[in-house]
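According to Swiss-Prot:
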| type | residues | note |
| --- | --- | --- |
| BINDING | 103-110, 185-189, 245-248 | GTP binding site |
């Protein structure tokens with residue numbers, strides 16, 4: 001059902017419906033789609049309330065149309081719903097690195113063990129699998145088959161019913177064989193609703209193995225029921241993370257993801273299909289981009305990214321005005337690149353000083369002149385060394401000639417850029433702490 005949101009985004013951005021009406025219709029469709037995906041109703045209405053609150057309190061930056069700005073807010077708040085900026089660390093912190101997988105029966109735990117082994121093997125690690133699920137007769141055979149498929153050794157004792165003993169012996173064997181990563185597939189004999197027994201077993205094996213990571217495997221089809229299981233697991237195992245499987249085969253994936261994210265637990269991977277390589281590192285923003293339709297929102301996100309980068313440079317300039325540091329040509333390059341991401345050249349040029357296009361409505365000739373000057377400056381900057389970008393004072397006539405030749409420009413073009421840069425630094429020192437000076441300097445505030 002989350003695919004409906006993608007259609008809603010496309011309609012919202014392309015139809016000529018009045019803005020306020022279009023916003024109301026979109027929010028209703030968003031609520032409907034999320035609830036249909038088994039996202040908790042309270043979470044849904046909290047999300048849309050935050051979106052409306054931001055619409056009322058914030059003003060759109062000039063580089064975004066109102067509809068684009070609205071979608072950027074939806075993107076931001078949906079990303080928070082599914083975990084925000086939390087970036088899972090999938091790299092082992094030491095070698096050997098022991099991973100213990102736990103999960104209820106039917107969650108796809110054993111298949112995930114194989115996928116995880118393949119993931120790390122492709123990254124150049126020596127991986128071993130331990131079959132310690134003694135309650136499901138086919139578990140060992142399944143893991144052995146997966147291991148053979150991907151060329152990863154599997155340790156198991158089909159006639160031994162002591163899971164802890166198998167786990168310890170398997171880990172010891174692979175440590176002696178100098179394996180980098182050891183993945184232990186534990187018992188999954190309890191169904192949903194029997195989390196207490198599952199967690200008790202997890203603790204017993206954990207105490208015996210002292211693994212470096214404990215990963216809970218959850219089937220996406222349980223939707224928002226994942227909250228209770230993930231919450232109890234997160235409390236019982238502070239080092240634990242979570243893998244959500246079968247995201248491709250259920251409409252409740254959004255419910256499971258949002259439920260787990262609400263607990264504060266880290267979602268490390270999601271399973272996106274049956275194939276051995278269909279396990280991907282979970283990134284909330286990338287997931288939301290898919291929901292909203294990457295092609296439809298890519299240009300919006302690019303503008304927002306440009307604005308964020310510009311604001312970083314603006315902060316640097318404010319520091320320079322207060323006598324902290326100096327603006328470098330690397331900063332100038334970053335500033336121009338950030339502004340270019342923000343949209344039409346007519347808007348970009350109005351925010352760059354010294355290009356002769358500071359009028360509210362530059363003429364076509366002025367725009368062409370400014371565009372050509374930006375092109376030449378970027379070519380010159382791209383031909384400079386790291387030291388030259390960081391310390392332009394070392395650029396003498398000989399270096400100017402080299403930069404000009406490397407960029408296909410005249411020496412005068414390079415000299416013009418350096419003169420503009422020097423004048424910029426002088427001006428920044430002159431205005432110092434005067435509030436608003438930086439906005440005047442750059443032709444008006446962007447954000």
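Note that Cβ sites are derived from N, Cα and C of the backbone, with glycine treated the same way.
Shown here: features listed in Swiss-Prot, placed on the structure.
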residue : record           : DSSP (3 states)
103     : GTP binding site : strand
109     : GTP binding site : helix
186     : GTP binding site : strand
247     : GTP binding site : helix
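By a simple count of nearby Cβ atoms, those within 10 Å, the most crowded of the binding-site residues 103, 106 is 103.
Within 10 Å of the C-beta of residue 109 (GTP binding site) there are 26 other C-beta atoms, taking all protein chains into account. For the binding-site residues 186, 247, the ranking by surrounding Cβ atoms (within 10 Å, all protein chains) places 186 first.
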